[in-house]
Amino acid sequence: MRVMNFSAGPSNLPDEVLKEAQEHLYDYHGKGFSIMEVSHRGKVFEEVHFEAIKMAKELYGVNDDYEVLLMQGGASLQFAMIPMNLYMGGVCEFANTGVWTKKAIKEAEILGVNTKIVASSQESEFDHIPQFEFSDNADYAYICSNNTIYGTQYKCYPKTKSPLIIDASSDFFSKKIDFSNIAMLFGGVQKNAGISGLACAFVRKDMIERSKNKNIPSMLKYSIYAENDSLFNTPATFAIYMFNLEMKWLLNQGGLDKINEQNIQKAKILYDVIDESNGFYKGHAKKENRSLMNVSFNIAHDKNLEPVFVKEAEENGMIGLKGHKILGGIRASIYNSISIEKVQKLSEFMKNFAKKHA
């Protein structure tokens with residue numbers, strides 16, 4: 001019997017996806033070889049690769065103004081690749097809402113980028129998304145749409161004439177997005193759309209043009225990925241195969257609007273328990289910025305009970321609930337593949353735990 005996995009990532013995968021991958025791990029569609037053994041230049045893998053890209057575009061409904069790039073190195077490599085490819089010598093603006101924006105700012109500064117932090121919520125332990133405006137003449141404006149550690153999430157994206165770059169690693173493929181204001185949307189796929197080792201980026205073609213004249217290594221150049229359909233070198237073939245299965249699974253669930261409905265319902269179940277606990281539990285994020293993906297909270301009644309909560313949860317078949325080492329506390333990551341039923345079981349455990357220890 002499989003446990004209920006509330007880990008922040010790599011995270012829970014849908015049972016249907018795991019079972020299909022298990023079958024194809026040994027014999028791919030009766031061909032006598034594993035999907036892990038196929039050449040990235042062969043017809044079998046090319047079908048998997050291009051189908052994955054097609055489904056990703058279909059899910060978000062993006063037009064041909066965007067290239068879908070599949071790259072190794074996860075989202076963290078993008079912290080360096082973005083300034084390498086898109087910095088034009090002006091200023092790059094950031095909204096600092098957590099660890100991942102801080103890392104993106106640091107990488108840009110290592111590369112000599114003129115950075116400007118237009119807003120930050122660091123003084124309150126990143127418990128909210130601050131109010132701010134980007135200028136309209138930055139080389140790019142940068143946000144992280146969902147902050148995994150602190151449990152905050154943008155409910156709408158800032159409007160700006162500057163190219164808007166969004167790190168969506170932890171709410172990737174969790175809802176429909178209006179791309180009209182977005183120059184680049186990227187993320188590691190290991191939370192909502194696959195396994196670790198792969199980053200997916202939707203990059204507007206005018207941003208691809210910027211990279212063409214950049215004197216940077218080929219493997220770090222967006223235009224090289226675009227010109228070669230993300231097949232310039234041997235890609236992460238198994239991770240792309242898993243990404244393909246996840247895209248198919250999302251479409252079979254009814255697409256991103258349906259997934260978003262379920263995500264809203266799941267988050268409400270847990271936040272209701274927190275809010276109705278008479279102060280036993282306390283959420284970290286301000287209510288207006290609460291994440292649908294990561295529910296971070298403390299046992300305000302007695303923080304010494306938090307390791308007891310995690311231990312007893314594991315004994316009840318629920319893992320991955322220990323908060324990040326930076327923030328501590330408890331965190332339930334309820335990504336796309338976590339069912340409403342599993343969230344309900346966690347909520348019942350939370351209620352019973354509070355009743356027992358109040």
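Cβ coordinates are placed from backbone N, Cα and C, and glycine is handled just like the others.
When W100, W249 are compared with the pyridoxal 5'-phosphate site residues A75, S76, T148, D167, Q190, N233, T234 in Swiss-Prot, the one appearing in that site is W100. Taking the Cβ of T234 (pyridoxal 5'-phosphate binding site) as reference, residues of its chain lying under 8 Å away and at least six apart in sequence are, in sequence order, H40.
Listed in sequence order, the residues of the same chain lying 6 or more apart from R41 (L-glutamate binding site) and placing their CB within less than 8 Å of its CB are L231. The Cβ of K191 (N6-(pyridoxal phosphate)lysine) has A8, G9, P10, S11, T148, S169, S170, F172, M293, S333, Y335 as same-chain neighbours under 8 Å, each 6 or more residues away in sequence.
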